[in-house]
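Feature list (source: Swiss-Prot):
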ACT_SITE  LYS180  active site, proton acceptor
ACT_SITE  HIS298  active site, proton acceptor
BINDING   ASN128, THR178, LYS182, ARG299, HIS331, SER383  substrate binding site
BINDING   LYS206, ASP208, GLU209  Mg(2+) binding site
MOD_RES   LYS206  N6-carboxylysine
SITE      LYS338  site 'Transition state stabilizer'
Amino acid sequence: MSEELKGEARYKSGVMPYKKMGYWDSDYVPKDTDVIALFRITPQEGVDHEEAAAAVAGESSTATWTVVWTDRLTACELYRAKAYRSELVPNTGPGTKNEAQYFAYIAYDLDLFEGGSIANLTASIIGNVFGFKAVKALRLEDMRIPVAYLKTFQGPATGIVVERERLDKFGRHXLGATTKPKLGLSGRNYGRVVYEGLKGGLDFMKDDENINSQPFMHWRDRFLYCMEAVNKASAATGEVKGHYLNVTAGTMEEMYERAEFAKSLGSVVVMIDLVIGYTAIQSMAKWSRKNDMILHLHRAGNSTYSRQKNHGMNFRVICKWMRMAGVDHIHAGTVVGKLEGDPLMIKGFYDTLRDTHSAKNLETGLFFDQDWASLNKVMPVASGGIHAGQMHQLLDYLGEDVILQFGGGTIGHPMGIQAGAVANRVALEAMILARNEGRDYVKEGPQILQTAAKWCTPLKQALDTWKDITFNYESTDTADFVPSTTASV
């Protein structure tokens, strides 16, 4: 800030550009304890990109539309967010078909945030700036969370390592399925679906995001029938099984009641939806750790703000916040399924959830090094439009610490639900065996599956039914620094 705009002169200025108010500082060097946010800014016509960045910094920290005398009662120089870097996004602006967009780096002093509160963090970072007139569009692309701030959060209630130990499942991916149809079944028929899937070889069955307590099936009935199915399948197979009982409800009191009932029935896992809100998610995470329960999060609603490339919020930020909040599972994309998912972007999401230290990688959309300060890892969930014929691709893209959920790919099997589960389990174990033998399971994948199908009729039926079905639409959210490979998956 120039000297002439400090002191009394500053407060006679009325309305000043945000840059001159101190929210732009190209010489600023972020501290290790700063929270850093990276925004994609599309300025309004005639607005300088540095001024737009300064406006976002100001309105997400201490500024209002005019200078105020009460600044002088605070450590205002410290508490102002500093936009310190703004650069043109590749393939935008002059000479391209896209209007100019800019990556703006903004640093926030740690004292601006309440410890252990996602709600407070988000109230500043995304609370007011997205409707600001100086920007035509705004997207939060990434954040660097300092270790000092991470240490104020619980992190995942259970974590991948303890979950595998608790469930006694090692050396392979976990398998699951969402009960279908997700609405309309009676409690008893719902339980029958759960039993058939688990008996056939799945590790988990799951409620879908919008099954709560409706006239056709009260939540208590669903819990009772599902846990009866879990116990019978566990006894029949000798394996630990589970069902994600969705405890999402209209109030925290109701959610706690449902979670306590799930625990009393012997469930190892409960489920919530992203739409319940950040504070409710953190509250359920604390309950889950206290009660030794795995917490599964369905990302219901995320695409309303994460899918568009120029406005909203990248899903990698949600991954970071949810790891801090304390969930154990989160749906994070499949690459080959029916939902949005560029391969490089999905890799960035999975790395964010599973790394102890995430290295900066612009190709996968990770703009910062991130030390996770010993917070537990989150198990990603791949769900939506996947089937046994894609098993080699899923293993290649997603790694081993992931739950592969085949809903329609289990329950839509022509020989029935249990056969669908058998097909998925055999396909997975055939691929794991090939991997362990050192074979190129990606290149040989189709042949490995065909060989296994010679002695497994359910797998043969699955391969014949779904063949090479994929959903190869180009993603809307793609990497900025390398070409998208979505269409060639």
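Note: Cβ is positioned from N, Cα and C throughout, glycine not excepted.
Here HIS298 (active site, proton acceptor) is compared against the binding-site residues ASN128, ASP208, SER383, and the shortest C-alpha distance is to ASP208. Annotated pair ASP208 (Mg(2+) binding site) and LYS182 (substrate binding site), C-alpha to C-alpha distance, rounded: 6 Å. Sequence-distant neighbours of LYS206 (Mg(2+) binding site) (same chain, 6+ residues apart, CB-CB distance under 8 A): GLY176, ALA177, THR178, THR179, HIS243, TYR244, MET271, HIS296, GLN405, GLY407.
Between the CA atoms of ASN128 (substrate binding site) and GLU209 (Mg(2+) binding site) there is a gap of 28 Å. A separation of roughly 11 Å, to the nearest angstrom, links the Cα atoms of HIS331 (substrate binding site) and GLU209 (Mg(2+) binding site). In the three-state DSSP classification, LYS182 (substrate binding site) falls within coil. Around the Cβ of THR178 (substrate binding site), 24 further Cβ atoms fall within 10 Å across all displayed protein chains. The Mg(2+) site, placed at the center of the C-beta atoms of LYS206, ASP208, GLU209, has further neighbours from the same chain whose C-beta lies within 8 angstroms: THR178, THR179, LYS182, ASP207, ASN210, ILE211, TYR244, ASN246, MET271, HIS298. Over all protein chains present, the Cβ of SER383 (substrate binding site) has 26 other Cβ atoms lying within 10 Å. DSSP assigns ASN128 (substrate binding site) to coil in the three-state reduction, outside any helix or strand. Other Cβ atoms within 10 Å of the Cβ of ASP208 (Mg(2+) binding site) number 19 in total over all chains.
A strand conformation is recorded for LYS206 (Mg(2+) binding site) in the three-state DSSP classification.
Between the binding-site residues ASN128, LYS182, GLU209, the minimum number of other C-beta atoms within 10 Å of a residue's C-beta occurs at ASN128.
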